[in-house]
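This report refers to the structure that appears directly beneath it.
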């Protein structure tokens, strides 16, 4: 169902898309109400004068996706359209957290036969020093400033070493067409990241690139269980029973560093003499003599976004490495890579708007995808379920009431703390049938007496267990019912990698 939530007499209201018969979470609504006080902040700053160059600066519209739940200041699943300014906090600190999906020519039976050797190899590569991503400062700076194009141009610096033996310049050039923004957002600087880039000419390893990150981030091998839209599935190379690779992660500490810089910029610009916003949410005007601050914002945001694209690329190569070491060499083709924490520019009727998404994907229709490989079907939308449950692949239908957006997941039903204390029986049943690879192998003989380590490990799994999340089937149905996105396929996990 679609609701128009009127938060107060001064607010424009927010469009909510929720499963039929459900009520929005009170904590999330309270957070939404607090967030929308930014409209008063805008009016206050307009009255002060000299802050906005555009007299029409405002929050134009707001919507929340079906996985809407409480976040940290701004709810997850929030989409905002503004004119004349951006709100850096409205894309979250994990800038360019997003999804990447590959099709493969692997068969389920091949993987199942070799799981006993494959899963330990996955753990070795992901968590026991086996990433093999050697880079020098020239490469890291090129990656931060130019994203996947920067990596492509400097890949010769580490050619053939470690994971780079799987990096094909020809394939990577093709994959740019299947990546939002071509995975390459030009930045002019790398503020605060000198320690990360390191020596220009010496190859070294860092602890960031090739990291999954915590929470609901994952790398997963999946089986296509059902096809709903045969024409689109066929065009995208999706066949029933086929094996896919889905990756969900972002920019990690690079993004958090960018978030801190953006908060410093916006807070420092706030006019003296008027009360600071109670909700702690600050704005950055598009123009108005603030070109330096705008450049800093763009550079640091793009540094983080470029890292996010590269991080997902390397995670895919790492999983490819593990499979080829234990099963066989195989073909994998990128279907799509797209953020769900970012700010998009949108032009309409000669005006420029900013679409802010925090935990929400872009879901543009065929017309909006003209000039891309998706012009006949709409933008691919990946909606993962909770750990161990089905995920869905959809095609965007460009609902303007939802601000051309879709969910980025099922959405939490329980907080992490509540989920830790969930049903023991449900948890044990879940663990019996689910293959999960984490940094800790709970079956290691030397851990049998370490109840402290095993307790912490179990709590981290419990916090992401299926009962902590909403029913993914209901969430996906809302997208179909309201023309947000159309179902293409349902996939089931074969195994999941989580940090």
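Every residue, even glycine, has its Cβ placed from backbone N, Cα and C.
Annotated in TrEMBL:
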type	residues	note
ACT_SITE	408	active site, GMP-histidine intermediate
BINDING	94, 217	Mn(2+) 1 binding site
BINDING	216-220, 340-341, 384-387, 391, 408-411, 498	GMP binding site
BINDING	248, 340	Mn(2+) 2 binding site
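Structure with TrEMBL features highlighted.
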residue	record	CB count, 10 Å
94	Mn(2+) 1 binding site	27
216	GMP binding site	23
217	Mn(2+) 1 binding site	20
219	GMP binding site	25
248	Mn(2+) 2 binding site	25
340	Mn(2+) 2 binding site	30
341	GMP binding site	27
386	GMP binding site	24
408	active site, GMP-histidine intermediate	28
411	GMP binding site	24
Cα within 10 Å of residue 217 (Mn(2+) 1 binding site) - qualifying binding-site residues among 248, 340, 341, 411: 248
Rounded distance in angstrom between the Cα atoms of residue 411 (GMP binding site) and residue 340 (Mn(2+) 2 binding site): 13
Cα separation, residue 248 (Mn(2+) 2 binding site) to residue 219 (GMP binding site) (Å, whole number): 6
By Cα-Cα distance, the member of recorded positions 216, 248, 341, 386, 408 nearest residue 94 (Mn(2+) 1 binding site): 341
Nearest of the binding-site residues (216, 248, 340, 386) to residue 408 (active site, GMP-histidine intermediate) - Cα to Cα: 340
Distance, residue 248 (Mn(2+) 2 binding site) to residue 216 (GMP binding site) (CA atoms, angstrom): 8
